[in-house]
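Engineer: Sharing the features that Swiss-Prot gives for it:
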type     : residues : note
DOMAIN   : 2-220    : domain 'Glutamine amidotransferase type-1'
ACT_SITE : CYS85    : active site, nucleophile
ACT_SITE : HIS193   : active site
ACT_SITE : GLU195   : active site
Amino acid sequence: MRVGVVVFPGSNCDRDALHAVERAGAEPVELWHADADLKGSDAVILPGGFSYGDYLRPGAIARFARVMGPLEAFAREGGPVLGVCNGFQVLCEAHLLPGALLQNRGLRFVCRRVRVRVERADTPWTAACAPGEELTLPVAHNEGNYFADPATLARLEEEGRVVLRYLENPNGSANDIAGVCSEGRNVVGLMPHPERASDPLLGSGEGLGILRSVLAGAKV
């Protein structure tokens, strides 16, 4: 399986994501922001960082990058897409996921490990996890405070589209939401960084299950 990792100007987690994809057993494919196609990728990751310097607001400019055209078509056809941190923000700006990521409660950058609970194991990106499984994953963000209007939040809960939930909310996210998925469940956005917890040598391998999920999860 080929897993593409999109590189925007200002991305800084793309190398981590490419390395983690390889460790998960897939073939990593680097996708440049100006690419006109996805190079035959079977799944795509939008990594963390500060795309285009986070000017205007995080993800607002990246949403218009050339590669986003084929990526949006891929997602709407059911292709597995994962947005991590800034990638989650880009997916919200592209309207592939509902809601928005606001500045953290407390107005400070949060950089630490957090405990999250897997709420849904029926997405391509959580198929190797168990419902209710608890993971410790790193977060590193200034705008990770998930927000949606009350009707959207109610719909996400009713439709089972909250994928990860914080056990100790680090940023003020509504309903302790750490990740959500699209109606088709193929597009997932997470604020925690599974790729930074993919090698026990670096402190944790707990995020590797999320990246390995797509190998089996592509069939979900």
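Placement of Cβ uses the backbone N, Cα and C atoms for every residue, glycine included.
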Engineer: Any idea what the Cα distance is from CYS85 (active site, nucleophile) over to GLU195 (active site), rounded to a whole Å?
Structural biologist: 11
Engineer: Residues with Cβ closer than 8 Å to the Cβ of HIS193 (active site), same chain and 6+ apart in sequence?
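Structural biologist: In sequence order, the residues whose Cβ lies under 8 Å from that of HIS193 (active site) (at least 6 apart) are CYS13, ASP16, GLY48, VAL84, CYS85, LEU137, PRO138, VAL139, ALA140, GLY207.
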Engineer: Mean pLDDT for the domain 'Glutamine amidotransferase type-1' (2-220), as a whole number?
Structural biologist: 96
Engineer: Provide the three-state secondary structure of GLU195 (active site) computed with DSSP.
Structural biologist: helix
Engineer: Within 10 Å of the Cβ of CYS85 (active site, nucleophile), how many other Cβ atoms can you find? Include all protein chains, please.
Structural biologist: 29
